[in-house]
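Copied from TrEMBL, the annotated features are:
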{"type": "DOMAIN", "residues": "11-389", "note": "domain 'Non-reducing end beta-L-arabinofuranosidase-like GH127 catalytic'"}
{"type": "DOMAIN", "residues": "400-490", "note": "domain 'Non-reducing end beta-L-arabinofuranosidase-like GH127 middle'"}
{"type": "DOMAIN", "residues": "526-593", "note": "domain 'DUF4986'"}
{"type": "DOMAIN", "residues": "618-715", "note": "domain 'Glycoside hydrolase GH146 substrate-binding'"}
Amino acid sequence: MTRAEPLPLGAVTLTSGPFARAQQRALRTALELDPDRLLAPYRRESGVPTGPGYGGWETEGLDGHTLGHVLSALSAHAAGGSASARDRVELLLTGLRECQMTLGTGYIGGVPDGVALWHEIEGGWIEPQTFDLDGRWVPLYNLHKVLTGVIDATVYAESALGRTIATEFVAWWIRVFAPISDADVDLILRTESGGLAASLARWADHTGDEDAATLAARLAVRALWEPLAAGRDPLDGLHANAQIPLVVGHAVLARQGRGDEFAAAARTFWESVTQHRTTVIGGNSVREHFPPRDDWSSMFTAREGPETCNTVNMVELARELYRLDGKLEHLAFIERALSAHILSMQHPDHGGIVYFTSHRPGHHRVYSRSETGFWCCMGTGLEAPARFAASAFSTGPGQLDVNMLLGSRVQWGDAVVEIETERPIGDDALLHVTVPNPGAFVVRVRVPEGVDAERVEAHIAGAVHGPGPDGWLRIDREWHGRTTVRLVLPPVIRSTEAPDGSGWVSLVDGPRVLAERLAGPPVDPLATDARMGHIARGALLPLADAPVLTPEDLTAARRTDEGTVILPASATRREVVLEPFASLHDDRYVLAFPYARDGDAAGRRADLAAEDARADAVDARTIDVVTFGQQQPESDHALALADSESGYDEGSHWRRFGAGSTFVLQDWGAAAATMRIGWLGDTSPRRLVVRIDEDVAADVRVAPTRGQDAIEIDLSGYADGRARWSITVSGAEAGTPRLSEARLMSAPIV
């Protein structure tokens, strides 16, 4: 089996082009963060005197996660030669080491009351929810971030202090889990654990620590890998980014030869996600969850499209699978995801990061502010640019592979390889190879997707080389001094349909995913510091207003001298001007177009108008909504759980409550008139008691039924101009129905 080994990050420096510029912008953003505020949660939890930390998620239960991301990002920059990054890494490590030594156990963490958590677990108190363990928000996920950070400081920044901290922290993990039974480990792993297993396996890679590798395999979530290893697809409705890091761990364990079942699981997951659940930009998920693989309708109607974290972690999975299997599809995915989604998620001017990239026509995105929010995607968005080159070059005996053309300088033994290119904004590239002494070796350049393969050429010293049937341009020669290779990569315009076969299509020109920029209505491109500020709250435009494309339209697409692509006006729609999505910021856009495969644009538009009418009956009246059974909506609405269970059936997430659980709905305009609570049918009688503040607003006995139902609660008796509604739901002994959502509305649904 082919195993391609990537060049280390320290051997590659990005020098020019969009990726280099984005990398430097991310470095500036990371260095602008105050190290004392990043360290504050760790100092607080270890008893070291501290000042205030950051706000947002850093004070809402995920305290300390950002420092782990920043350590990983700066360690990668340090590997590339940044002295400022290296100095900041050592400063953060010094602060962490003080906390670690104060506690004296090897533990470090910013999890609120985190030290006590592990005493509770050791004492047998294990109460897991999907995103909550003993009342703490995803503590394993949180701790894995700083574990990964100190490992990256060891591996990339070659920090001796990082190695000391990581060694003691890994030993703490091993010691804590040693007495826990397998049954209790499975119970703990019901709560999102992030890339904990992958990080421990990577540590074993670097140090040979077999105890760490054994624990990594033990922390592989059986409920996920068993069905995947058997070739089954269990992903419908699952929280997408709770699964992807787990599968990265499977791939690392498989590469280490620790079980064929892990390799099978990783390959099944990869096939399911990339072939059936991935959009044109390489992203996946709606509202953070995998939609049904055969029904993508929500992808093109929701505000919350693919999450940045998901795509970054899928790139990590592709990198691991390429090392395992050596398939070009892994490299093609990396190039598409980096060029379209990851390059676009960072604002080129102020460095803000996008959480959700909506695929709804005419919607928009919002970017983080520098010192608020601190969502997961902010941290991941700082990391990803630092590792743009992590899989760009691979090497074997006498051979250098150029997997992705980036403006860069590569040190490969005595040879220096320099690439000049503006890809993905431009097309062609120059490759310069400099050797101090003559020598024979092979340089292979992967032929990118989206080019006219018959016209791809490499011009070198008067000779012309074409690609082979294996998808590589192979240059096998004796190299002298400085040699220039001119790569000609003619782009082609092509279309990509939604993977479920529904009527949506996107266009791609060479390496560039295209989108139409819309002039209005205006939007605020910066996220607010509210709990749900990462969601783009601008008005939803009617789906029927989007241009409907036909096969004839796609064949008429033409490229202009300005670098845009034009779809000329037709009898059924206006002219469409498309530009690279990666450089489209601050405005509304159309990334996915309604598609009439049969040529009936009028019929497709009528269907969209009917969908608009159905949505208007609910969405136009909705002020705020919480979807039960989904992590982020529940967290955003401060759901305090007591005696509940959750699941996914009939295409809907749900949660059943026993004892009283409380959540908050926001009404910034004080316009609420009614609250609608919906549920799925059940085979047993249930009870739903709803309290507003302490008053019983509804007490409903629900008979066994099929299908879905709802109640609406008149809020006129509470019309006191409030902006915040505290709601408690309970089900007495019978439990509530399987609640799907609660909506605060400006008017009842007639």
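Glycine residues also receive a Cβ, built from the backbone N, Cα and C atoms like all the rest.
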Compare 11-389, 400-490, 526-593 by their Cβ pairs under 8 Å to the domain 'Glycoside hydrolase GH146 substrate-binding' (618-715) and return the stretch that comes out on top.
11-389
Can you count helix, strand and coil residues in the domain 'Non-reducing end beta-L-arabinofuranosidase-like GH127 middle' (400-490) using DSSP?
3 helix, 51 strand, 37 coil
Model confidence for the domain 'Glycoside hydrolase GH146 substrate-binding' (618-715), as mean pLDDT, reads 89
Across the domain 'Glycoside hydrolase GH146 substrate-binding' (618-715), DSSP labelling yields 10 helix, 59 strand, 29 coil
